[in-house]
């Protein structure tokens, strides 16, 4: 096989933008903890129809990149900076992968993750048939599957894992962009595999010697070159550069991907009533009288959300290490192929077990969607497991929502189609200013030898994932792939919320209420994917189906642009407000606050807002940590005349200039070498005349010992 891997920054705006996942209006970005990356893996030439874009589903990334309205309400519509960051970063990661393709082999293995997840809707899981549940030891999948890529000369290239757990370790009080537990696991694995000469971003610092002649393709990245004692920066745009060097290895890329995580939480201590310490109601996830969901909160496994993120990441990491070095023994052999079809999910024919036929529905969200989950509760008096509506909220739906955003009111047959879901938001008819939910959906599978990857457009629950994998596997065996292995790549290509089994749908927990195409959504997908296996194996032609509309240029963006920056009289942007000095022990938290600028002026993709630098050789400052490292945090606040408090964020002003304060935090590792350090802040300021200028601030020197 020809194999290529690449990674590029897709972090996007780290301030003033609503964060996507919880869709909580109060969760507005105000800094950065972990950068977000696109990790690309290429095995053949690609088109629109054989590229899979699968999300890890961090709930702490920037919003505004969808082309449907429902998930853009809290972000005030589309956000071009988010969309451009994702698109550009994905393309650049593919460019990198394409430029570094090598001949190699693929290997697969499985092993269990210990205490890495729990089921957050166990009452719905119990609706599945007893004889089916008895086939499995757990009510979530514990198994991690790894695909390892190795060059023919034995060099490591990359790896890809599938394991079901939500990236909700960081809760909705978090306002720092974060790639959550899976991003943390990827960073740790890639750090472990890092070669001498590579820095934390995967860029390469090169010391020139007359030794080995290598051809490298560089895409818009700064490469630092030490040439006969002269330090220069070269910006190379898509050109082949021949470099004489010693000890350079291409970056290893390791991805921790999502699977059937629909009902799966990383909060392994489970939910508890925070007001009483008692257990939550089992079916409704409520506490108190009257019953409310807001006090039923999932916790663990750590002491806070940062600790919990780290623990769940490391539990995945430990299994991945075992797999990579000891248990990826089975080599993939056979052709690489794909199948893809666009499907209108609003009226798909479904054959039921009794032989009768029915159809899916136009999309709609149930009452319990508004209740949220134990990972992030909703609002008002909504609870989980609501199978009947209320007069008040039905009136709000019919007299306000339908009249304002529906060109045509939904007929009675539409609501009947979703039974037993009481529809709160009839999104299939909500078309103002544009569609609130997708109707045309990607159905797609890839084949790598005996491995089949089912790319699903949403969040399949545990049992729904088990069923569809088994159906596809059986069909593959019937078409000659007798040793077929099947994995499910969750949240791929387009987001259609959740997919439960029909039995789980009747419980109308959050996941069932968010199964948007009605009670037969799962069977429609199961039958469609299974029917396409023959084409995947034999190459039989498949009709492309109706293409979805592209409305990127029609979307509404209401978020004001960032204002010009200002500082108090006598101060300059980059000056230190609260400095640091003295001697600190390993394990200390060190922070410095600067007069700063709005980070939306420059998202610094592929770069950094900060650096922790160590003095080496008594003369040279060397970066030891940057803003993508777990040990650092970048906090931004628009300052007011009030006392600076980072837990309180002010509303966005739309005119004039604004004073920004930036705090850089470094949590010193317990094994950090003693020495002299400083903290550096990199920003870009916007003047009242619209000029954008880079600047730098730095702290005083301090010691760690």
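Every residue, even glycine, has its Cβ placed from backbone N, Cα and C.
Just so you know, TrEMBL annotations are computer predictions that nobody has curated.
The feature active site, nucleophile is assigned by TrEMBL to 265. In the structure as shown, the Cβ atom of residue 265 (active site, nucleophile) sits within 10 Å of 24 other Cβ atoms.
Residues annotated as Zn(2+) binding site in TrEMBL: 57, 166, 459, 498. All protein chains considered, the CB of residue 498 (Zn(2+) binding site) has 24 other CB atoms within 10 Å.
According to TrEMBL, the domain 'Neutral/alkaline non-lysosomal ceramidase N-terminal' annotation covers 1-44 (among others). Mean pLDDT for the domain 'Neutral/alkaline non-lysosomal ceramidase N-terminal' (1-44) in the predicted structure: 97.
Taken from TrEMBL, the feature domain 'Neutral/alkaline non-lysosomal ceramidase N-terminal' covers 45-527 (among others).
What TrEMBL records for 529-704 is domain 'Neutral/alkaline non-lysosomal ceramidase C-terminal'.
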So what sits near residue 166 (Zn(2+) binding site) in its own chain, CB-to-CB under 8 Å and at least six residues off in sequence?
57, 59, 261, 264, 265, 266, 375
Using the CB centroid of 57, 166, 459, 498 as the Zn(2+) site centre, which other residues of the same chain sit with their CB within 8 A?
258, 261, 262, 264, 458, 490, 491
What is the total of other Cβ atoms whose distance to the Cβ of residue 57 (Zn(2+) binding site) is within 10 Å?
21
